[in-house]
Amino acid sequence: SGIKDIKTPLQKKLEDLTKLVGIIGVVASVFVFVISVLQGSAYFPAFLLAISLAVAVVPEGLPAVMTITLAIGVKVMADKRSIIRKLSAIEALGSVTLIATDKTGTLTTNKMKVKEIYVDDQIYEETNFPRLENHPFRLMVENGVLCSTASLVYVHDHGRWDVLGDPTEGALLFLSQAVGLSPEEMRKEWKIIDEVPFDSVSKTMTVLVRSVGVDRDRPTSIGLDRPVSIERDQPIIINRDRPILFIKGAPEAILERVSFIQKGNQIEKLTSEHRAKIEKQMQMWTRKGLRVLGFSYNNQLSMNNDQSIINNSMINENSIKIEKLEIDHSSIFLGLVAIHDAPRPEINDAVARAKQAGVKVVMITGDNEQTAEAIGVTAGIIDNNEDIITGKQLDEYSDEELMKILPQTRIFARTTPFQKHRIVQLYQKLGEIVVVTGDGVNDAIALKQADIGVAMGLVGTDVARETADMVITDDNFASIVNAIDEGRNIIKNLKNAIKYLLACNLSEAISLIMGLFLGIPHLFYPIQLLYINLVTDGLPALALAFSPRDHHQMQRPPDKELSLLRFAEKEYIAIVGIITAVLVLLAYFIFSWLFPKTGQTAAFTVLTLIQSYIYIDLWLSHQSLHKNLHLLKSKLFAMVFFVPFILQFFIVKSILISRFFKVELLSIWQFIMLSVFSGFVWIGIKLTKKAVHVTA
């Protein structure tokens, strides 16, 4: 879907500003009319002058400038893999102070591959996986394929298999393929009776399956003894006539639900020694940044205490539901899989760039804390041995306690979507402007809560994308940092355009009013004010939307105010207005003295040309001229800067045009003098800004 047509906070503030300036313009116009009449002007000329001033003072071009600036920003961001869904996101991007990012696919490549497995009390690397005759290994491979909604598709153009669905599940399908078991053929051999999808609370996925070789309509006996009756070293016989429950998920969640372990063709009681060895292996892998999955199964199932079912010894399998089976602590542990998901090669630079820009980076992940720490250290989010908060710890803290430790915390592991939402809320209470990434349905609440919700374009769900303010098409953390950079640039350009229009309009008003007080009844004629307003005001303001990026903007802290004009920017407008008015009046008096009858023409010319120099100052923004001369080589800059000079030259050199604008003809040398004199506004702006420490 397209960009939502809702007025952004800055658009609303701009409307309020335009109304305020309009009121000021009306008051100033009435004042000019009264003073002009008192000084002896006829009513109609005084009225025309007052109306012209009102038109000149009101920045009616601001809404158009803002719309064009934001539209350009949307296009630029789309080219950089960031799709803006709500215009308010652009404004907020310029003020972001914290990025709360997922791990998988955002900090990492999301190209999952099984590197090692732990099965039958042995560790196998990808170069020497066990043979399929190994009973626990085959069961684990079948578990990984059946306990999955992903699939593999062959892309002929690329000559490779790609994953449709979750990349973690895709890695298990590639494992099956690598050991000679076709996932597609395997799924044809089994019927899924019921399934419970993965969720962040249970941290497991469960499927109840049965071989399709069994008559589907024949009742299945499920009231057999549970595994608690199995003696140590008793051979296990998998009866494919009987439903089998496969469980896959977080290793700690799997271990909580098992009481037995598969060793070859035998089942043993899961002892504390077994648990210690499994947990040690988990920790070894997670410290390397590997994602670890655990697998278990249960093929001796009994119903729960629902009497209406337990009283029937023969049950049609289509009526069996997993939630009605007694499976807690009775399943059989199969093994572990370690999946490698490499950090993105550019992630370290992207995180460093965000930090340099004053933007904190925190990771909120459902993964194990050791895995999260390993990736966090690699990415530069944390140093070694920094504290990590788990979802379990989060639930133990009150909001007040958590807010005290949030500023020092960079990684949250084993979290649920609801905990993620809570973290975002509390960061916002601490005054942070938060970007949150998410891809799942459950992430929607955190995405909605965030100042900017960012959904993943490659693996994100439709719900996440619809909720988000922005979608990154490559799921890359670096794209978020690039979007923040672009957001700052857009806001900078927008504010520069606003400053330009207001400074120029204020210059006209101050010049005219000061002229009246100094006894100059016609410093400007109405046609001259309208010309300046239409030609030399509007074009440069629009061009500022294309002004070059300030390469130092990502080395400065974010502007959290989200204000249209800060105090420093208002100072800038006032300084420009006053300096311009002084130069205009000086030009009037100097030329009236040196070249009689040309004073008014000089004032009009200087006011027109000065605006090009104001344009240079804002085009360069915070950057110095001598170090950034290349910025002035832009064709757009050259056109916008020189057009007022060319037009003004024709106005003061053409008899016909000069009569229309009510000016005197000037010599080339006089025009050059005024052109150079107008440039003093730039020097005046630079000196005054340094003197009063204005940074706008």
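Heads up, residue numbers simply count up from 1 along the chain you see.
Glycine is no exception: its Cβ is also placed from the backbone N, Cα and C atoms.
Automated prediction, rather than curation, is the source of TrEMBL annotations.
For reference, TrEMBL has these:
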- 521-689: domain 'Cation-transporting P-type ATPase C-terminal' (DOMAIN)
- 20-38: transmembrane segment (TRANSMEM)
- 44-77: transmembrane segment (TRANSMEM)
- 500-520: transmembrane segment (TRANSMEM)
- 572-595: transmembrane segment (TRANSMEM)
- 601-620: transmembrane segment (TRANSMEM)
- 636-661: transmembrane segment (TRANSMEM)
- 667-685: transmembrane segment (TRANSMEM)
Worksheet item: Which sequence positions outside the transmembrane segment (636-661), separated from its termini by at least 6 residues, show Cβ-Cβ distances below 8 Å to it?
Response: 525, 527-528, 531, 535-536, 539-540, 543, 546, 601, 604-605, 608-609, 611-612, 615-616, 619, 668, 671, 675
Item to complete: Flag the pair the transmembrane segment (20-38) / the transmembrane segment (601-620) as in contact if three or more Cβ pairs fall under 8 Å (sequence separation 6 or more).
Response: no
Worksheet item: Sequence-remote contacts (6 or more beyond its ends) of the transmembrane segment (500-520), Cβ cut-off under 8 Å?
Response: 21, 25, 28, 31-32, 35-36, 39, 49, 53, 56-59, 61-62, 65, 529, 532-533, 536-537, 540-541, 544, 572-574, 576-578, 580-581, 584-585, 588, 603, 607, 610-611, 614-615, 618
Worksheet entry | Positions whose Cβ lies under 8 angstroms from the transmembrane segment (44-77), at least six residues beyond its ends | 3, 8, 10-11, 14-15, 17-18, 21-22, 24-26, 28-30, 32-33, 36-37, 83-84, 87, 90, 470, 483, 486-487, 489-490, 493-494, 497-498, 501-502, 505-506, 508-509, 512, 522, 524-527, 529-530, 532-533, 537-538, 541-542, 544-546
